[in-house]
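Peer 1: Next up is a structure, given as structure tokens.
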């Protein structure tokens, strides 16, 4: 249950206003992209270099964890702040976090060259998986979503096939095109 008041938002970028006495990587005036994941840096996972599996991981904008970034100022640990070039817009920098999720998922999966790929859900994360799958040489990419505008964008960006599960049996339709089924599927529905 979310109790009011609570700030939402976890994708952001901005300018460093002030820093603590032990901060060394960023300084006031630096333009940064923000990683919304905040590790504790003290648990066994963090000490082993696995900050992404921190036992006390908190995310911006998640009730019970941390207030969100939709405010004029936020306080973030230095490790969550990544300097960006002056030529990069804050909007683009804020998208680096969701893009990294799709890129990382594709990278961890199978070799994409010639692969038959399914992406179920074409919101920000699904689209972030579509881009690296395409650039890595996937042969056919099947994208599903319930929102037609998202499907049109996926098709425009290079999806081989799009389908709305509210309108068709997407599994049946994909099997008609790919009787040996897909090589890998990314579930990005949320």
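Glycine residues also receive a Cβ, built from the backbone N, Cα and C atoms like all the rest.
As the structure is a computational prediction, the values presented were derived from the model and not from experiment.
Copied straight from TrEMBL:
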- 2-86: domain 'Alcohol dehydrogenase-like N-terminal' (DOMAIN)
- 124-190: domain 'Alcohol dehydrogenase-like C-terminal' (DOMAIN)
Peer 1: If you average per-residue pLDDT over the domain 'Alcohol dehydrogenase-like C-terminal' (124-190), what number do you get?
Peer 2: 97
Peer 1: Please spell out the DSSP helix, strand and coil residue counts for the domain 'Alcohol dehydrogenase-like N-terminal' (2-86).
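Peer 2: Residue counts in helix, strand and coil order: 10 helix, 18 strand, 57 coil.
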Peer 1: Using DSSP, break the domain 'Alcohol dehydrogenase-like C-terminal' (124-190) down into helix, strand and coil residues and give each count.
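Peer 2: Summed by class, the stretch gives 30 helix, 12 strand, 25 coil.
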